[in-house]
Each structure stands twice: as structure tokens, then as C-alpha cells.
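Here is the structure we will look at.
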């Protein structure tokens with residue numbers, strides 16, 4: 001079944017159901033063997049990010065080694081999506097690989113995330129906000145490694161902000177990860193391709209430039225581990 005973008009905007013929160021946890025994920029023996037954490041600590045580290053809103057680059061939090069600026073998709077809650085959405089699951093996967101949440105500052109992009117913004121190629125105000133966040137982070141935290149990410153319309157914002165940001169600030173970006181990207185195949189400005197990862201599922205009409213929401217667009221939670229490993233390898 002296909003849904004129009006207008007329909008999914010009304011029900012996206014209900015449809016964004018997390019994928020079941022596999023036995024390997026529930027008890028990841030390979031990760032535990034190389035980790036310094038106890039099994040209990042490891043399990044907690046996987047579920048640290050449970051809020052739908054994070055402002056750790058603007059709320060006075062001290063600079064951290066990694067700064068992740070994330071744009072949620074159309075209709076998602078808060079500024080990063082709820083705890084079961086791809087954003088927070090992705091954050092957990094990064095934190096578990098880089099030494100915990102103290103190494104990572106999360107900043108959601110606050111914008112309307114409406115259907116009209118998607119149809120414009122990414123909300124203009126949100127795109128400007130993300131561009132400004134890159135600049136302010138680069139200025140305030142000269143030693144942090146900046147990561148850009150977004151899902152669906154949020155991926156549009158990543159493209160727009162990357163194109164608009166200065167060459168000097170773009171050089172500060174260590175990694176870019178986008179999920180369900182409506183602008184798949186387009187550049188991220190002067191950011192090197194080797195630093196970018198675009199995750200698009202077969203059958204995702206949004207990734208094909210369309211406006212229909214299929215099941216393939218709603219389960220990017222499955223890719224949080226792959227995305228987290230990519231970022232950990234770049235920072």
C-alpha cells in the first residue's frame with residue numbers, strides 16, 4: 001500500500017514503529033567481548049537517548065569531542081523524533097562506539113517539518129537554521145568534530161545547509177549520514193564524498209524523487225547500527 005505524503009503527515013507518529021530487536025542485538029556478544037563495559041552497562045548505553053528534543057549545542061552544554069546536528073523528518077516529534085525513531089536510535093549507536101554519551105553533543109534542528117517544506121525541497125527556515133548551527137558550532141567549539149545527519153525532509157536540510165556553509169566550516173565536518181534522502185545523488189557542497197553515507201531502501205519512493213510513502217521509508221531504524229559504525233569510523 002502506498003500513502004500520499006499528505007496522508008502520512010497525519011499518521012507518521014503512529015506508523016513509525018521500531019523494528020523488533022534480534023537476539024544478536026539483544027545480546028551482542030561480539031561487542032561485549034571488545035567492550036570495557038559490563039553487560040548491564042552495555043545495555044544501558046544502547047538506550048541513553050530517550051527524549052524527542054536535544055539542544056546540547058545551544059543550551060550551555062560544554063563542548064564535546066563530537067557534535068551531531070540532526071534534522072528530523074516531516075511530522076516527527078520534538079526536534080529529533082521520538083525515542084523509537086531513527087534519530088535517537090542512531091545517537092545510541094554512535095555513543096556506544098565512541099566511549100559514551102559524554103563524548104557526543106546532540107543538537108536537533110528546530111523547524112516546522114511540514115509537508116509544504118518537503119515540497120519546497122526542504123523547509124527554507126530550517127535549512128537556514130541548520131546552516132547557522134554549523135557555523136556557530138565551528139566557532140564555539142574549535143576542536144569538536146561535526147557530524148551532520150537527517151531523515152527524509154531532514155536529509156533535504158542537510159543538503160541545503162552543506163551547500164550554503166562556508167568552505168572553512170565544511171572542512172570541519174567529519175561525517176554526513178542521511179536516511180531516506182529525497183535528494184539522493186545530489187552533492188553535500190564541498191564536503192568530500194568519502195565522508196558521506198546515504199542510506200536508501202529499495203522501494204522507497206521518496207529516495208526516487210517521489211511523494212509516496214511506502215513501508216520502505218518507515219523502517220530506517222534498522223540501519224542505525226550501520227550508520228553509527230560509519231560515524232565512529234570517521235571521528
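Any Cβ shown, glycine's included, is placed from N, Cα and C.
According to TrEMBL, the active site, nucleophile annotation covers 152. According to DSSP, residue 152 (active site, nucleophile) is assigned to coil rather than to any helix or strand. Residues within less than 8 Å, Cβ to Cβ, of residue 152 (active site, nucleophile) and separated from it by at least 6 positions along the same chain comprise 73, 74, 118, 179, 180, 181, 182, 206, 217.
Neighbours of residue 204 (active site, proton donor/acceptor), defined as other CB atoms within 10 A of its CB across all chains, total 25. Taken residue by residue with DSSP, residue 204 (active site, proton donor/acceptor) is part of neither helix nor strand, so it is coil. Residues or ranges marked as active site, proton donor/acceptor by TrEMBL: 204 (among others).
Summarising the annotation, TrEMBL assigns active site, proton donor/acceptor to 217 (among others). DSSP gives residue 217 (active site, proton donor/acceptor) a helix state. Other Cβ atoms within 10 Å of the Cβ of residue 217 (active site, proton donor/acceptor) number 26 in total over all chains.
All protein chains included, residue 63 (disulfide bond) registers 14 other Cβ atoms within 10 Å of its own Cβ. Annotated disulfide bond per TrEMBL: 63-141 (among others), in sequence order.
According to TrEMBL, the disulfide bond annotation covers 200-207 (among others). Long-range Cβ contacts of residue 207 (disulfide bond) within its own chain (separation 6+, distance under 8 Å): 180, 181, 182, 184, 200, 201, 217.
The signal peptide annotation in TrEMBL covers 1-16.
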(Q) Given a separation of at least six residues and a C-beta threshold under 8 Å, show me what packs close to residue 141 (disulfide bond) in the same chain. (A) 57, 63, 64, 67, 105
Q) Just how many other Cβ atoms lie inside 10 Å of the Cβ on residue 200 (disulfide bond)? A) 21
